[in-house]
């Protein structure tokens, strides 16, 4: 009898422990911590500022013309082609599988960088890197599906800060290893492979979200509402009240009536409704003139920024060939990332009426960005080229932050 009581106590204690663990996994702290670790290791890539010297060096022995005209463009077009389908798939599969896909793509990218040779192999590598960048949408979208709305700003700041810190640390580490320890670019890529592999392992710890923006909305029942509730819902211009939602959930728990089972929507009808809702949301959003202007600027500026980031190392190598000059790409990237974080941080504390001065700031800093591009193009001095890149990236990040916090 005593042994039975002792076993019952142990079982009850284990059940309480499991219950506490389950409850902890459902809070915002655990997924935020794991997502920050995932973002840190994903951005901890000390080899990235030295990609062009690595490809044109003895490890890959490619020409600068092959890198510029045959390899780098693959990333641009694959990213463009994958962006929209990945966005829809991300919502449909509820984010976590896309984060796993991103981790796999990272690993494949750096395995190819380390061990593959030739133009075709590097083109395949760029395609997988296009998959990496296209799936970045899942990183920030994921956290909004597992935390409450009142924690969005706090969690977003954590995730953005950790990625900026990781990018800065990686650039500084890469520069120090190259300049002071004479570490080869191959070993820098090996360090990056280890880092992204750790990120991939972290993604398995993320809890699976139960809802998403379009395909898996919270509180949506699998059955159709009862006729009288449907009439009441259609008669109302606003969303149903909390009490109505509770009644619907209670009705769903008791099970649908036979006629409701016959009227359950088929999967293809559900998909059609989601696409119609998506089109309506886009129409409602872009009916605002200001939102339309800023969105067009965002799309064009981001496309231009990606092009500059993609080819800036080629320009640096042209101004100061890596085989005969000291390479400071890592230091420049570290300073650029730090300046970007400072300018982004300032937006949150500088009191400006963006509704009044938003377009003015957009014009001024876009002009500064354009001027820095002209400076990088016409100058023959590598230090002026570095300075132009610092101005360009800091101004772009400032405007992106303004666009994110703009009072629509």
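In case you wondered, yes, glycine gets a Cβ from its N, Cα and C as well.
As recorded in TrEMBL, the features of this protein are as follows:
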- 234-244: compositional bias 'Polar residues' (COMPBIAS)
- 256-266: compositional bias 'Low complexity' (COMPBIAS)
- 234-266: region 'Disordered' (REGION)
- 26-44: transmembrane segment (TRANSMEM)
- 74-93: transmembrane segment (TRANSMEM)
- 100-121: transmembrane segment (TRANSMEM)
- 127-147: transmembrane segment (TRANSMEM)
- 159-180: transmembrane segment (TRANSMEM)
- 186-208: transmembrane segment (TRANSMEM)
- 291-314: transmembrane segment (TRANSMEM)
- 326-348: transmembrane segment (TRANSMEM)
- 360-380: transmembrane segment (TRANSMEM)
- 386-406: transmembrane segment (TRANSMEM)
Criterion met for the transmembrane segment (159-180) and the transmembrane segment (100-121) (at least three Cβ pairs under 8 Å):
no
Which bits of the chain, at least 6 residues beyond where the transmembrane segment (386-406) starts or stops, bring a Cβ under 8 A of a Cβ in it?
290, 294, 297-298, 301-302, 305, 308, 312, 316, 328, 332, 335-337, 339-344, 346-348, 354, 358, 361-362, 365-366, 368-369, 371-373, 375-376, 379
So which of 100-121, 127-147, 186-208, 291-314, 326-348 is most in touch with the transmembrane segment (360-380), counting Cβ pairs under 8 Å?
291-314
Top stretch among 100-121, 127-147, 291-314, 326-348 for CB pairs under 8 A with the transmembrane segment (186-208)?
100-121
Intrachain residues whose Cβ lies under 8 Å of the transmembrane segment (326-348), provided they are six or more past its termini:
46, 48-50, 53, 160-161, 164, 167-168, 171-176, 178-179, 313, 316, 320, 386, 389-390, 393-398, 400-402, 405
Go through the chain and flag residues at least 6 beyond the ends of the transmembrane segment (100-121) whose CB is under 8 A from any CB in it; none is fine as an answer.
42, 47, 54, 60, 62, 66, 70-71, 128-129, 131-132, 135-136, 138-139, 186, 189-190, 192-193, 196-197, 199-200, 203-204
